[in-house]
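Annotation source TrEMBL lists active site, nucleophile at CYS14. Look at TrEMBL and you will find CYS14, HIS119, ASN134 tagged as active site. What TrEMBL records for HIS119 is active site, proton acceptor. The feature compositional bias 'Polar residues' is assigned by TrEMBL to 259-276. The annotation compositional bias 'Basic and acidic residues' is assigned in TrEMBL to 277-289. Residues or ranges marked as domain 'Josephin' by TrEMBL: 1-180. As annotated by TrEMBL, region 'Disordered' applies to 259-333.
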Amino acid sequence: MESIFHEKQEGSLCAQHCLNNLLQGEYFSPVELSSIAHQLDEEERMRMAEGGVTSEDYRTFLQQPSGNMDDSGFFSIQVISNALKVWGLELILFNSPEYQRLGIDPINERSFICNYKEHWFTVRKLGKQWFNLNSLLTGPELISDTYLALFLAQLQQEGYSIFVVKGDLPDCEADQLLQMIRVQQMQRPKLIGEELAQLKEQRVQKTDLERVSEANDGSAILDEDEEDLQRALALSRQQIDMEDEEADLRRAIQLSMQGGSRNISQDTPQTSSTHLTSEELRKRREAYFEKQQQQQQQQQEDPPGQLSHPCETPTTSSGAVGSDLGDAMSEEDMLQAAVTMSLETVKNNFKTEGKK
(Lines of atoms letter the chains of each structure in order from A; the text may use other names.)
(Lines give C-alpha, C1' and ligand atoms only; values in the text may rest on other atoms or scores of the structure.)
Protein backbone atom coordinates (compact mmCIF):
# COMPACT_ATOMS: atom_id res chain seq x y z
CA MET A 1 0.00 0.00 0.00
CA GLU A 2 2.94 2.33 0.63
CA SER A 3 4.07 2.00 -2.99
CA ILE A 4 0.71 3.34 -4.24
CA PHE A 5 0.81 7.04 -5.13
CA HIS A 6 -2.07 8.87 -3.44
CA GLU A 7 -2.47 12.65 -3.45
CA LYS A 8 -4.70 13.95 -0.68
CA GLN A 9 -7.11 16.81 -1.13
CA GLU A 10 -5.77 20.38 -1.10
CA GLY A 11 -8.22 23.19 -1.68
CA SER A 12 -10.41 22.43 -4.69
CA LEU A 13 -7.65 20.82 -6.78
CA CYS A 14 -9.48 17.51 -7.01
CA ALA A 15 -9.04 17.40 -10.83
CA GLN A 16 -5.27 17.59 -10.39
CA HIS A 17 -5.35 14.88 -7.67
CA CYS A 18 -7.59 12.73 -9.85
CA LEU A 19 -5.17 12.85 -12.82
CA ASN A 20 -2.01 12.30 -10.75
CA ASN A 21 -3.57 9.38 -8.83
CA LEU A 22 -4.65 7.87 -12.14
CA LEU A 23 -1.19 8.21 -13.67
CA GLN A 24 0.55 7.38 -10.34
CA GLY A 25 2.83 10.36 -10.21
CA GLU A 26 3.05 14.16 -10.06
CA TYR A 27 2.35 14.64 -13.73
CA PHE A 28 0.16 17.73 -13.60
CA SER A 29 0.21 20.95 -11.61
CA PRO A 30 -2.45 23.69 -11.33
CA VAL A 31 -0.40 25.86 -13.68
CA GLU A 32 -0.37 23.22 -16.43
CA LEU A 33 -4.09 22.55 -16.05
CA SER A 34 -4.78 26.29 -16.11
CA SER A 35 -2.83 26.54 -19.35
CA ILE A 36 -5.00 23.81 -20.87
CA ALA A 37 -8.14 25.61 -19.61
CA HIS A 38 -7.04 28.92 -21.18
CA GLN A 39 -6.33 27.15 -24.46
CA LEU A 40 -9.84 25.67 -24.43
CA ASP A 41 -11.34 29.10 -23.62
CA GLU A 42 -9.51 30.61 -26.61
CA GLU A 43 -10.71 27.87 -28.95
CA GLU A 44 -14.29 28.46 -27.82
CA ARG A 45 -13.92 32.23 -28.28
CA MET A 46 -12.66 31.74 -31.83
CA ARG A 47 -15.63 29.52 -32.67
CA MET A 48 -18.02 32.11 -31.26
CA ALA A 49 -16.27 34.83 -33.26
CA GLU A 50 -17.04 33.01 -36.47
CA GLY A 51 -20.65 34.16 -36.07
CA GLY A 52 -19.47 37.76 -35.90
CA VAL A 53 -17.71 39.69 -33.18
CA THR A 54 -20.59 42.15 -33.08
CA SER A 55 -23.23 39.53 -32.51
CA GLU A 56 -25.17 39.38 -29.28
CA ASP A 57 -24.02 35.80 -28.62
CA TYR A 58 -20.37 36.73 -28.86
CA ARG A 59 -20.71 39.72 -26.52
CA THR A 60 -22.57 37.52 -24.03
CA PHE A 61 -19.84 34.86 -24.25
CA LEU A 62 -17.14 37.41 -23.49
CA GLN A 63 -19.00 38.59 -20.38
CA GLN A 64 -19.42 35.10 -18.95
CA PRO A 65 -16.71 33.49 -16.76
CA SER A 66 -14.70 30.56 -18.03
CA GLY A 67 -16.51 27.25 -18.09
CA ASN A 68 -13.24 25.28 -17.92
CA MET A 69 -11.82 26.57 -14.65
CA ASP A 70 -12.49 28.92 -11.76
CA ASP A 71 -10.52 30.62 -9.03
CA SER A 72 -11.16 27.80 -6.56
CA GLY A 73 -9.11 25.32 -8.61
CA PHE A 74 -11.95 23.47 -10.30
CA PHE A 75 -11.33 22.17 -13.85
CA SER A 76 -13.90 20.86 -16.29
CA ILE A 77 -14.14 17.43 -17.91
CA GLN A 78 -12.79 19.04 -21.12
CA VAL A 79 -9.57 20.03 -19.28
CA ILE A 80 -9.18 16.51 -17.86
CA SER A 81 -9.90 14.94 -21.25
CA ASN A 82 -7.36 17.17 -23.03
CA ALA A 83 -4.76 16.49 -20.33
CA LEU A 84 -5.17 12.73 -20.87
CA LYS A 85 -4.86 13.07 -24.64
CA VAL A 86 -1.19 13.95 -24.08
CA TRP A 87 -0.78 10.32 -22.88
CA GLY A 88 -2.92 8.82 -25.59
CA LEU A 89 -5.83 8.21 -23.21
CA GLU A 90 -9.52 8.68 -23.96
CA LEU A 91 -12.59 9.08 -21.73
CA ILE A 92 -15.88 7.29 -22.46
CA LEU A 93 -19.03 7.85 -20.42
CA PHE A 94 -19.64 4.60 -18.54
CA ASN A 95 -23.43 4.88 -18.28
CA SER A 96 -23.94 6.03 -21.86
CA PRO A 97 -26.12 3.80 -24.08
CA GLU A 98 -23.24 3.37 -26.52
CA TYR A 99 -20.92 1.91 -23.88
CA GLN A 100 -23.62 -0.18 -22.24
CA ARG A 101 -24.33 -1.85 -25.57
CA LEU A 102 -20.75 -3.08 -25.62
CA GLY A 103 -21.51 -5.20 -22.54
CA ILE A 104 -18.00 -4.93 -21.13
CA ASP A 105 -17.58 -6.24 -17.60
CA PRO A 106 -16.12 -3.44 -15.41
CA ILE A 107 -13.61 -5.89 -13.95
CA ASN A 108 -11.97 -6.11 -17.38
CA GLU A 109 -11.31 -2.37 -17.56
CA ARG A 110 -8.21 -0.67 -16.15
CA SER A 111 -9.51 2.53 -14.58
CA PHE A 112 -12.47 4.88 -14.06
CA ILE A 113 -12.80 8.61 -13.37
CA CYS A 114 -15.80 9.63 -11.27
CA ASN A 115 -17.36 13.07 -10.87
CA TYR A 116 -20.11 14.48 -8.65
CA LYS A 117 -20.78 18.16 -7.99
CA GLU A 118 -17.37 19.34 -9.18
CA HIS A 119 -15.46 16.64 -7.31
CA TRP A 120 -13.23 14.23 -9.25
CA PHE A 121 -11.58 11.01 -8.14
CA THR A 122 -10.01 7.89 -9.67
CA VAL A 123 -10.74 4.17 -9.32
CA ARG A 124 -7.86 2.15 -10.77
CA LYS A 125 -6.64 -1.41 -11.05
CA LEU A 126 -3.07 -1.88 -9.80
CA GLY A 127 -1.64 -5.30 -10.39
CA LYS A 128 -4.63 -7.63 -9.93
CA GLN A 129 -6.56 -5.56 -7.41
CA TRP A 130 -8.83 -2.50 -7.54
CA PHE A 131 -8.33 0.62 -5.42
CA ASN A 132 -10.41 3.70 -4.72
CA LEU A 133 -7.91 6.58 -4.96
CA ASN A 134 -10.30 9.33 -3.83
CA SER A 135 -8.26 12.31 -2.63
CA LEU A 136 -10.78 12.86 0.17
CA LEU A 137 -9.70 9.57 1.79
CA THR A 138 -6.75 9.27 4.13
CA GLY A 139 -5.30 6.51 1.94
CA PRO A 140 -6.08 4.06 -0.90
CA GLU A 141 -9.18 1.93 -0.32
CA LEU A 142 -9.06 -1.71 -1.47
CA ILE A 143 -12.08 -2.80 -3.55
CA SER A 144 -12.68 -6.50 -4.17
CA ASP A 145 -13.55 -7.76 -7.65
CA THR A 146 -17.01 -8.83 -6.50
CA TYR A 147 -17.68 -5.43 -4.93
CA LEU A 148 -16.48 -3.32 -7.92
CA ALA A 149 -19.70 -3.54 -9.96
CA LEU A 150 -21.80 -2.85 -6.86
CA PHE A 151 -19.56 0.10 -5.97
CA LEU A 152 -19.97 1.67 -9.43
CA ALA A 153 -23.72 1.06 -9.38
CA GLN A 154 -23.96 2.78 -6.00
CA LEU A 155 -22.07 5.80 -7.36
CA GLN A 156 -24.45 6.04 -10.30
CA GLN A 157 -27.42 5.89 -7.95
CA GLU A 158 -25.93 8.75 -5.93
CA GLY A 159 -25.70 10.91 -9.09
CA TYR A 160 -22.08 10.40 -10.06
CA SER A 161 -20.91 10.60 -13.64
CA ILE A 162 -18.47 7.75 -14.38
CA PHE A 163 -15.97 7.76 -17.24
CA VAL A 164 -14.00 4.77 -18.48
CA VAL A 165 -10.35 5.51 -19.23
CA LYS A 166 -9.36 3.84 -22.49
CA GLY A 167 -5.74 3.39 -23.54
CA ASP A 168 -2.47 2.23 -22.07
CA LEU A 169 -1.59 3.87 -18.79
CA PRO A 170 2.08 4.68 -18.12
CA ASP A 171 4.02 2.08 -16.17
CA CYS A 172 4.29 2.59 -12.42
CA GLU A 173 6.05 0.89 -9.54
CA ALA A 174 2.82 0.01 -7.68
CA ASP A 175 1.39 -1.80 -10.73
CA GLN A 176 4.55 -3.85 -11.17
CA LEU A 177 4.77 -4.76 -7.48
CA LEU A 178 1.11 -5.71 -7.14
CA GLN A 179 1.38 -7.98 -10.18
CA MET A 180 3.44 -10.28 -7.95
CA ILE A 181 1.67 -9.95 -4.60
CA ARG A 182 -1.79 -9.31 -3.24
CA VAL A 183 -2.46 -6.97 -0.36
CA GLN A 184 -5.00 -7.17 2.43
CA GLN A 185 -6.57 -4.21 4.16
CA MET A 186 -7.59 -4.76 7.77
CA GLN A 187 -9.14 -1.31 8.26
CA ARG A 188 -10.77 0.84 5.64
CA PRO A 189 -9.42 4.42 5.39
CA LYS A 190 -11.56 7.24 6.73
CA LEU A 191 -12.54 10.44 5.01
CA ILE A 192 -10.17 13.29 5.78
CA GLY A 193 -13.02 15.22 7.42
CA GLU A 194 -13.81 12.25 9.65
CA GLU A 195 -10.17 11.85 10.59
CA LEU A 196 -9.87 15.55 11.41
CA ALA A 197 -13.04 15.32 13.51
CA GLN A 198 -11.67 12.25 15.28
CA LEU A 199 -8.32 13.93 15.91
CA LYS A 200 -10.14 16.98 17.23
CA GLU A 201 -12.22 14.77 19.52
CA GLN A 202 -9.09 12.99 20.71
CA ARG A 203 -7.45 16.35 21.44
CA VAL A 204 -10.55 17.44 23.37
CA GLN A 205 -10.56 14.17 25.33
CA LYS A 206 -6.85 14.53 26.01
CA THR A 207 -7.40 18.09 27.20
CA ASP A 208 -10.23 16.91 29.45
CA LEU A 209 -8.02 14.15 30.84
CA GLU A 210 -5.23 16.64 31.46
CA ARG A 211 -7.68 18.92 33.27
CA VAL A 212 -8.92 16.01 35.35
CA SER A 213 -5.33 14.96 36.06
CA GLU A 214 -4.41 18.51 37.07
CA ALA A 215 -7.51 18.68 39.26
CA ASN A 216 -6.56 15.37 40.90
CA ASP A 217 -3.00 16.60 41.45
CA GLY A 218 -4.37 19.78 42.98
CA SER A 219 -6.74 17.85 45.22
CA ALA A 220 -3.86 15.55 46.20
CA ILE A 221 -1.85 18.62 47.20
CA LEU A 222 -4.86 19.90 49.08
CA ASP A 223 -5.21 16.51 50.74
CA GLU A 224 -1.57 16.59 51.79
CA ASP A 225 -2.00 20.12 53.14
CA GLU A 226 -5.12 19.03 54.97
CA GLU A 227 -3.30 16.04 56.44
CA ASP A 228 -0.47 18.30 57.59
CA LEU A 229 -3.01 20.62 59.17
CA GLN A 230 -4.74 17.72 60.92
CA ARG A 231 -1.42 16.47 62.27
CA ALA A 232 -0.55 19.97 63.50
CA LEU A 233 -3.93 20.26 65.20
CA ALA A 234 -3.50 16.82 66.79
CA LEU A 235 -0.08 17.76 68.14
CA SER A 236 -1.51 21.04 69.40
CA ARG A 237 -4.34 19.20 71.15
CA GLN A 238 -1.85 16.77 72.69
CA GLN A 239 0.22 19.68 73.97
CA ILE A 240 -2.88 21.38 75.35
CA ASP A 241 -3.95 18.13 77.00
CA MET A 242 -0.53 17.75 78.58
CA GLU A 243 -0.66 21.31 79.81
CA ASP A 244 -4.16 20.73 81.15
CA GLU A 245 -2.99 17.58 82.93
CA GLU A 246 -0.09 19.49 84.46
CA ALA A 247 -2.47 22.27 85.53
CA ASP A 248 -4.85 19.69 87.00
CA LEU A 249 -1.97 18.08 88.86
CA ARG A 250 -0.88 21.43 90.27
CA ARG A 251 -4.44 22.21 91.34
CA ALA A 252 -4.75 18.77 92.95
CA ILE A 253 -1.54 19.33 94.94
CA GLN A 254 -2.70 22.78 95.98
CA LEU A 255 -6.11 21.48 97.06
CA SER A 256 -4.39 18.60 98.87
CA MET A 257 -2.14 21.06 100.71
CA GLN A 258 -5.16 23.14 101.63
CA GLY A 259 -6.91 20.00 102.83
CA GLY A 260 -3.85 19.10 104.91
CA SER A 261 -3.90 22.54 106.46
CA ARG A 262 -7.58 22.17 107.30
CA ASN A 263 -6.90 18.77 108.88
CA ILE A 264 -4.10 20.22 111.01
CA SER A 265 -6.33 23.09 112.14
CA GLN A 266 -9.04 20.59 113.14
CA ASP A 267 -6.69 18.24 115.04
CA THR A 268 -4.70 21.03 116.76
CA PRO A 269 -6.88 23.19 119.05
CA GLN A 270 -4.16 25.79 119.53
CA THR A 271 -4.45 26.94 115.84
CA SER A 272 -7.28 28.71 114.07
CA SER A 273 -8.75 27.94 110.66
CA THR A 274 -5.72 29.65 109.18
CA HIS A 275 -1.98 29.34 109.84
CA LEU A 276 -0.67 31.17 112.97
CA THR A 277 1.51 34.13 112.32
CA SER A 278 4.57 35.05 114.37
CA GLU A 279 2.62 37.90 115.98
CA GLU A 280 -0.12 35.51 117.09
CA LEU A 281 2.43 33.12 118.54
CA ARG A 282 4.07 35.99 120.47
CA LYS A 283 0.70 36.96 121.95
CA ARG A 284 0.02 33.38 122.93
CA ARG A 285 3.36 33.20 124.76
CA GLU A 286 2.71 36.49 126.58
CA ALA A 287 -0.68 35.23 127.73
CA TYR A 288 0.96 32.06 128.99
CA PHE A 289 3.55 34.04 130.97
CA GLU A 290 0.86 36.14 132.58
CA LYS A 291 -1.00 33.03 133.61
CA GLN A 292 2.14 31.60 135.21
CA GLN A 293 2.72 34.78 137.18
CA GLN A 294 -0.88 34.73 138.47
CA GLN A 295 -0.39 31.14 139.65
CA GLN A 296 2.80 32.09 141.54
CA GLN A 297 1.06 34.97 143.30
CA GLN A 298 -1.81 32.72 144.34
CA GLN A 299 0.60 30.16 145.78
CA GLN A 300 2.22 32.84 147.92
CA GLU A 301 -1.16 33.92 149.34
CA ASP A 302 -2.44 30.38 150.02
CA PRO A 303 -1.27 28.44 153.15
CA PRO A 304 1.71 26.16 152.81
CA GLY A 305 0.94 22.75 151.58
CA GLN A 306 -2.30 23.85 149.81
CA LEU A 307 -2.45 24.34 146.12
CA SER A 308 -5.32 25.98 144.34
CA HIS A 309 -4.31 24.23 141.15
CA PRO A 310 -2.71 20.89 142.11
CA CYS A 311 -2.44 19.92 138.53
CA GLU A 312 -0.15 22.82 137.71
CA THR A 313 3.47 22.93 138.84
CA PRO A 314 4.82 26.22 140.26
CA THR A 315 7.51 27.83 138.20
CA THR A 316 10.21 30.37 138.87
CA SER A 317 11.81 32.87 136.68
CA SER A 318 14.15 30.17 135.56
CA GLY A 319 11.10 28.00 135.01
CA ALA A 320 9.61 30.75 132.86
CA VAL A 321 12.66 30.61 130.67
CA GLY A 322 12.25 26.85 130.44
CA SER A 323 8.57 27.34 129.64
CA ASP A 324 9.54 29.72 126.87
CA LEU A 325 11.90 27.11 125.43
CA GLY A 326 9.19 24.50 125.79
CA ASP A 327 6.76 26.71 123.89
CA ALA A 328 9.37 27.27 121.20
CA MET A 329 9.87 23.54 120.87
CA SER A 330 6.12 23.02 120.75
CA GLU A 331 5.91 25.52 117.88
CA GLU A 332 8.57 23.70 115.86
CA ASP A 333 6.97 20.38 116.61
CA MET A 334 3.61 21.76 115.54
CA LEU A 335 4.98 23.06 112.24
CA GLN A 336 6.80 19.80 111.58
CA ALA A 337 3.60 17.84 112.31
CA ALA A 338 1.65 20.10 109.97
CA VAL A 339 4.14 19.53 107.13
CA THR A 340 4.15 15.78 107.73
CA MET A 341 0.36 15.63 107.76
CA SER A 342 0.14 17.70 104.56
CA LEU A 343 2.53 15.36 102.77
CA GLU A 344 0.56 12.30 103.94
CA THR A 345 -2.66 13.91 102.71
CA VAL A 346 -1.09 14.53 99.27
CA LYS A 347 0.04 10.89 99.09
CA ASN A 348 -3.41 9.64 100.08
CA ASN A 349 -5.06 11.84 97.44
CA PHE A 350 -2.73 10.52 94.73
CA LYS A 351 -3.43 6.92 95.78
CA THR A 352 -7.19 7.58 95.65
CA GLU A 353 -6.91 9.14 92.15
CA GLY A 354 -4.79 6.21 91.00
CA LYS A 355 -7.44 3.69 92.12
CA LYS A 356 -10.13 5.61 90.26
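Just so it is clear, glycine is given a Cβ too, placed from its N, Cα and C backbone atoms.
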Give, as a single whole number between 0 and 100, the mean pLDDT over the domain 'Josephin' (1-180).
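Here the mean pLDDT over the domain 'Josephin' (1-180) amounts to 92.
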Return the count of C-beta atoms lying within 10 angstroms of the C-beta of the residue listed as 'active site, nucleophile', excluding that atom itself.
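Taking every protein chain into account, the count is 22.
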For the C-alpha pair, I'd like the distance in angstrom between the residue listed as 'active site, nucleophile' and HIS119 (active site), rounded off.
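Cα-Cα, rounded: 6 Å.
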Just to be sure I understand the packing, how many Cβ atoms besides its own are within 10 Å of the Cβ of HIS119 (active site)?
18
Tell me the Cβ contacts of ASN134 (active site) under 8 Å, same chain only and six or more apart in sequence, or just say none.
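Within the chain, ASN134 (active site) has Cβ neighbours under 8 Å at PHE121, THR122, GLU141.
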